[in-house]
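Worksheet: one structure, shown below.
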Amino acid sequence: MLMKEYRICMPLTVDEYRIGQLYMISKHSCEQSGGGEGVEVMRNEADMHPQHGQGQLTEKRIYLSSKLPAWARAFAPRFFYVTEKAWNFYPYTITEYSVSFLPKFSIRIETRFENNNGDNDNVFGDTPTPPENVSFLDILSDPIPERHYKESEDPSRWMSSKTGRGPLEKGWRDDHKPIMCSYKRVQCSFEVYGFQTKTEDFIHKSIQDILLVGHRQAVTWIDEWHGLSLDEVREYEQTMQEKTNSKVKSNPCNTGPLAASRPAFSRSISVTDERSLKKLGVTTVDMSESPLPHSRLHSTPE
């Protein structure tokens, strides 16, 4: 199991980001859904956790069969989904991911938000992450995949009319006020002999891209959500969930529901070693292929 800690700063306060996060996740999920693929919300309800108390539990299914890299499509069933379960005890969240046909695959993300520039080396209050496993992600200077770049979401060009913030400049994390940090402890496991290290490295690279794009959006969309109350953004979230679920259940031509052709249970296969994958026609894992599609992996995350 490969564990890393990511620290992503934003020119926001923790209280502001609580609204911005909910807005960003809802809008992005709707934008990325359609034609039978995307994010389907199964549950979004209050939940009592035995350790963390009252919070919000969200369960989603992320359908993305056609967007997989070629090496994964070779052995993936036609219809499958990633399950995301998220417990939001803001400013602390837990998010877990599993894949319907890969029982040996899992991702767990713990997130804590604090009003600082990422200088807390034991934010989770247990065992500090070794320095070599800590990565600072800069929404201004770190590159994102070209296909996700939008000038309107570029922090170096962004200017907020509501708050007067922006654009960001080199070294902004040292003196910008306000500033907050999203601390994410990510544990990734893919227990398949011969593929574990390459696949876990590949997944962490994909997660970095997703985190950078998502946090850039939360900041540069600020004029859309700033000033909303928690009740108002929850109402927006509910409206977008209904719209998103409708888009996922429609086929590419919007001529009928895809749900009828989607099996109630995706078939499962147990991939245990390289020999098993070769029987399925997979001989290598080409990590130079496009990373996993940009679905919100921290929807709460985060």
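The backbone N, Cα and C atoms fix where each Cβ goes, glycine too.
Bear in mind that TrEMBL entries carry predicted annotations, made automatically and left uncurated.
Per TrEMBL, domain 'Phosphatidylinositol transfer protein N-terminal' is recorded for 1-242.
Residues or ranges marked as region 'Disordered' in TrEMBL: 148-169 (among others). A Cβ distance under 8 Å defines the sequence-distant neighbours of the region 'Disordered' (148-169), meaning residues of its chain 6+ beyond its ends; these are 11, 139-140, 176, 209, 213, 216-217, 219-223, 226-227, 294.
For 242-261 (among others), the entry in TrEMBL reads region 'Disordered'.
Residues or ranges marked as compositional bias 'Polar residues' in TrEMBL: 242-254.
As a summary of secondary structure, the region 'Disordered' (148-169) carries 4 helix, 0 strand, 18 coil according to DSSP.
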